[in-house]
Amino acid sequence: MILRESLRQLFSGIVALIFLISHVNASAGDRLPEFRQCVEECDYTCQHIITDQRVAASEPIVQFHGKWPFYRFLGMQEPFSVFFSLLNFLAHQNGLSKITSNIPASYTLRKYYVQLAYFGMASWVFSMIFHIRDFSLTEELDYFAAGASVLYGLYYTTIRLFRMDLGGKKSKSILRAWTVLCISIFVAHVTYLKWYNWDYTYNIVANVVVGVIHNLMWTWFSFEKYRKSGRAWATWPGLVVAWVLVAMSFELLDFPPLWGCLDAHSLWHLGTVAPTIIFYNFLLKDAQDDIAGTRLKA
């Protein structure tokens, strides 16, 4: 509880610091709500005037500021991305409920699965906020939260597959070193993006590399677990990895939003809901199997 509260306070401090820094170089007039609203509304209106003209002239729809022109709904800039992000949040929340309800607190991996759910829920909250309105601050928080969630995926995967949660003094030292390394990597990642170079390509590559590594680890684990046990649920991590890879193809097959609101990026978010649910079911099955095996050995 003390660690969780400390992390919460640290994260709140980081958010406040980023917010303050983002306003340092802005003029007083730039921060006036009426001025911001005027600029945003003019930009939004112009985008759709130009888009309507291009469609009428049978010309292709183009992006503005690196984004497709969306029609707002209830003030939301990208409504389907917001809704599908909410579904992902609920999937993690449901997973958290399953973990806390069905895995005893004494199980050493339980706390890592609980933290997985919290990282997942936080990342999708910031995704919702970013897709509601795209500001520099909401973009940064979305990217940083997503990066933290992906890196945590590698962190807990390594702990589970190599059972760093078990063992004596040496194992605990290795676990501490692994924890410090992951925290250092994330701090370096945020520092580089925030204070040196806001590089979209680097951010994508960094997340993909980390994601691919722990997806390959789970694929290997799934194959070995099924080969040894023959149990169908052991194949679920491999299924999840394959599903996510297919869902990622939507990001590559970018296209103008259908009806002005449903684009490839939102479909990518939709595609990650079911795999999340399946994976929490796997973690539950895996934990129960591990606990049963431990009791038999005892």
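Yeah, the Cβs are placed from backbone N, Cα and C, and that goes for glycine too.
Annotations in TrEMBL come from automatic prediction, not curation.
Annotated in TrEMBL:
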SIGNAL    1-26  signal peptide
TRANSMEM  112-132  transmembrane segment
TRANSMEM  144-162  transmembrane segment
TRANSMEM  174-192  transmembrane segment
TRANSMEM  204-221  transmembrane segment
TRANSMEM  233-253  transmembrane segment
TRANSMEM  265-284  transmembrane segment
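The transmembrane segment (144-162) makes no contact with the transmembrane segment (233-253): fewer than 3 of their CB pairs lie within 8 A, with pairs spaced 6 or more apart in sequence. Against the transmembrane segment (265-284), the recorded stretches 174-192, 204-221, 233-253 differ in Cβ pairs under 8 Å, and the greatest number is found for 233-253. Cβ atoms under 8 Å from those of the transmembrane segment (233-253) belong to residues 215, 218-219, 221-223, 225-226, 264-265, 267-268, 270-272, 274-275, 278-279, 281-282, 285-286 of the same chain, restricted to positions at least 6 beyond its ends.
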